[in-house]
Amino acid sequence: MALNCFLCPNNCKIEDGYFGVCGVRGAVDGRFNLPYNGLISAISTDPVEKKPLYHFHPGKTIFSIGFFGCSLSCPFCQNYRISKEFPAPSDAEPKSPSQIVDAALKSGSFGIAYTYSEPLIHYEWLLECLKTARTAGLKNILVTNGYINPEPASELITYIDAVNIDLKSFSEDFYQDVLKGRLQPVKDFITLASKHTHTEITTLVIPDKNDSEEELEQAAGFIAGLGKSIPWHLSAYYPSYKYNQRPTAPEQLISLAEKVSKQLNFVYTGNIAGGISDTLCPVCGNKLIIRTGYRTLTSGISSGKCTGCRTDVSSFGIIL
């Protein structure tokens with residue numbers, strides 16, 4: 001007997017003994033089989049900028065955990081060994097949410113980032129961990145592809161303090177043909193998140209795939225419609241997994257960022273040296289935050305205000 005999973009827009013019909021597209025949500029005897037719940041692929045303490053989050057507690061480090069599986073099928077995935085080509089469940093002891101929260105507290109971090117592969121497909125475990133962390137006074141950061149149905153998204157978002165959503169393209173054809181998904185649900189999740197929590201967006205810019213000025217301008221317009229101060233990170237592509245085409249040229253990435261920044265206050269480049277990483281005040285142009293690699297200085301902010309024009313930086317969505 002097949003089981004219907006309505007967590008994400010794949011809406012998988014899972015045959016008994018098999019898994020859905022994500023590879024971690026299965027069916028046995030007409031019930032969900034979730035053998036990967038609590039199995040952690042990676043644990044680390046990272047700069048929050050690595051998520052990337054540039055406007056949420058800049059300069060701090062965050063306790064970070066990864067999972068297995070993914071709801072999309074990106075042929076250029078940079079974490080494919082834990083998202084697509086991961087091992088079968090082993091005898092490894094799964095971690096309970098309370099164990100993860102205890103480890104985060106002992107690390108001295110201000111919160112937990114759920115990252116590296118796709119957290120949302122571990123919904124039941126994730127939701128319990130979010131609630132436990134919130135009760136313990138920790139912040140919850142979600143790094144996600146945003147591919148989730150509206151009902152579970154609405155329940156989850158109330159426990160998220162900051163999110164970085166991977167907007168992989170602004171083309172429906174790209175999502176369908178390349179990723180085996182759909183764009184609209186991701187746009188819906190970005191819209192929901194922007195209304196409820198601190199939101200930043202990342203796009204991996206792939207030459208000849210999703211790098212046209214027209215497409216990126218359309219994406220910028222969508223983001224600006226939700227808030228001109230939502231940070232957008234344009235990240236350079238390098239060959240990975242099934243994709244071998246040329247990397248994104250740094251000069252192209254910087255040029256594209258400069259063009260779309262006409263619609264947005266904060267556009268950054270990533271995965272290149274000498275890119276756009278400093279945060280400038282949209283009012284006076286003062287350097288609020290200076291970044292060298294993951295070294296962050298908030299030297300342009302004093303008592304929560306721009307040292308140049310004295311505008312409160314929280315009005316730009318910067319959370320210190």
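Here the Cβ of each residue, glycine as well, is placed from N, Cα and C on the backbone.
Pulled from TrEMBL:
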DOMAIN    55-279  domain 'Radical SAM core'
BINDING   CYS70, CYS74, CYS77  [4Fe-4S] cluster binding site
DOMAIN    119-143  domain 'BRCT'
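Sequence features annotated in TrEMBL and their locations in the structure.
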| residue | record | Cβ within 10 Å |
| --- | --- | --- |
| CYS70 | [4Fe-4S] cluster binding site | 25 |
| CYS74 | [4Fe-4S] cluster binding site | 24 |
| CYS77 | [4Fe-4S] cluster binding site | 21 |
What average pLDDT does the predicted model assign to the domain 'BRCT' (119-143)?
99
Taking the centre of the Cβ atoms of CYS70, CYS74, CYS77 as the [4Fe-4S] cluster site, the remaining residues of that chain with Cβ inside 8 Å are LEU72, SER73, PRO75, PHE76, ASN79, TYR80, SER83, LYS84, GLU118, ASN145, LEU179, TYR241
